[in-house]
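Colleague: Got a structure for you, questions after.
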Amino acid sequence: MWCASCLASACAGCTCNLCTSAASAVSRRSARLAYCGLFAASLILSFLLRQFAAPLLKHIPWINAFDQTPPEEWFQMNAVLRVSLGNFLFFAIFSLVMIGVKDQNDRRDAWHHGGWIAKIAVWAVLIVLMFCVPNIVITIYEVLSKFGSGFFLLVQVVMLLDFTNNWNDSWVEKEERKWEIALLVVTVVCYLSTLAFSGVLFMWFNPSGHDCGLNVFFIVMTLILAFAFAIVALHPQVHGSVMPASVISVYCAYLCYTSLSSEPDDYECNGLHRHSKQVSMSALILGMLTTVLSVVYSAVRAGSSTTFLSPPSSPRSGAKNPLLGDEEDGKGDGKESEPRPVSYSYTFFHLIFALASMYSAMLLTGWTSAASESSELMDVGWTTVWVRICTEWVTAGLYIWTLIAPLLFPDRDFS
């Protein structure tokens, strides 16, 4: 039991002291940033336990309940999943509690924005308790996380499409020549980058002397999609714009790269690994920081500005409100008899963080296939390869759908 006590102290001590020091200063406007900080702390904790907690977990009987002790990689994966489960439960509970909150007079609005010392204590307790549950619970969560991560990736794609269209519309609405030139420059740069990036991928992942048909297929398909985006967007009946098409093309090329670079280290067609040393600790830390930034941004953006996720009484996401805008300052300047609607869906905001907890666990464990790889590698394996390639194809399909849907269903409003 002393091992469990040490582990609980480590989980709480690494994060609670950092969070509670600023809890009393959290305002309504900065509440979303505080949730982001809590989520980022869970990712850092997951990373630290992945690196250092395996020897400790080996001495906990209900975790190491095997006749033959599993390899160290299994304990690393188990530690990440347990932290992720605690974080998931915290945000999932809040998501359920916040169902139906429509205005700031609802008592649950105060729960969402305040009580941070209590929230941090509950969050820490949940994470510690997850190290007391049997392995079967973690196994079930591991399976569910793969589906939750897929949904989170889908939300990311929707947000990217929304961002590119809003970016294009905001520059077009200015109706100034300098912004038209800027659109042209961005389009040309994006398409040139896509072509150059694809050429580099051919060099790295199609080495001479090897049959790398699968890699070639992935790269060629990415180029075909890039040209298809432009052709569909420029069709006279579509009324699209080539700038969003170019941005989506670059993103698809990036997804293709991340997919190919996640191929196993000993795969003969992975020239990137053949010409470089094994992933270093500094590279892992850099990749972790990138993951933190992207996941936190996705969660905040989805919870605050996606139209189809806003509560019925809130303004449409098309309104030009800042991400952490003034809509959340107090109860409003109007009469008390007129409750001010909430500016975003609290339920979906917490749901995105819950799904992001699942996704981050999959990243840190290589979609739970990392136990067969080196403990120094993260997010590597054939599962990761196919997840990212499928994400690229889903992105392409959704983008083309946004272009042709108004033609197929002219009676529906897609604005």
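Using the three backbone atoms N, Cα and C, a Cβ is placed for every residue, glycine included.
Take a look at what TrEMBL says about it:
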type: COMPBIAS; residues: 305-317; note: compositional bias 'Low complexity'
type: REGION; residues: 305-340; note: region 'Disordered'
type: TRANSMEM; residues: 32-49; note: transmembrane segment
type: TRANSMEM; residues: 79-100; note: transmembrane segment
type: TRANSMEM; residues: 120-138; note: transmembrane segment
type: TRANSMEM; residues: 181-205; note: transmembrane segment
type: TRANSMEM; residues: 212-235; note: transmembrane segment
type: TRANSMEM; residues: 281-300; note: transmembrane segment
type: TRANSMEM; residues: 344-364; note: transmembrane segment
type: TRANSMEM; residues: 385-409; note: transmembrane segment
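Could you place these features in context, so I can see how deep they sit and what lies close by?
Modeller: Sequence-remote contacts of a segment are chain residues at least 6 beyond its ends whose Cβ falls under 8 Å from one of its Cβ atoms, and for the transmembrane segment (79-100) they are 11, 39, 42, 45-46, 49-50, 53-54, 57, 108, 111-112, 122-123, 126-131, 133, 137-138, 141-142, 145, 148, 346-351, 353-354, 357-358, 360-361, 364-365, 368.
Sequence-distant contacts of the transmembrane segment (181-205) (same chain, at least 6 residues past either end, Cβ-Cβ under 8 Å): 168, 171-172, 212, 215-216, 219, 222-223, 226, 230, 241-243, 246-247, 249-250, 252-254, 256-257, 260, 263, 269-272, 275.
Under 8 Å from some Cβ of the transmembrane segment (212-235) lie the Cβ atoms of residues 191, 194-195, 198, 201-202, 205-206, 241-242, 244-246, 248-249, 252-253, 256, 259-260, 268-269, 389, 392-393, 396, 399-400, 403-404, all in the same chain and six or more residues away from its ends.
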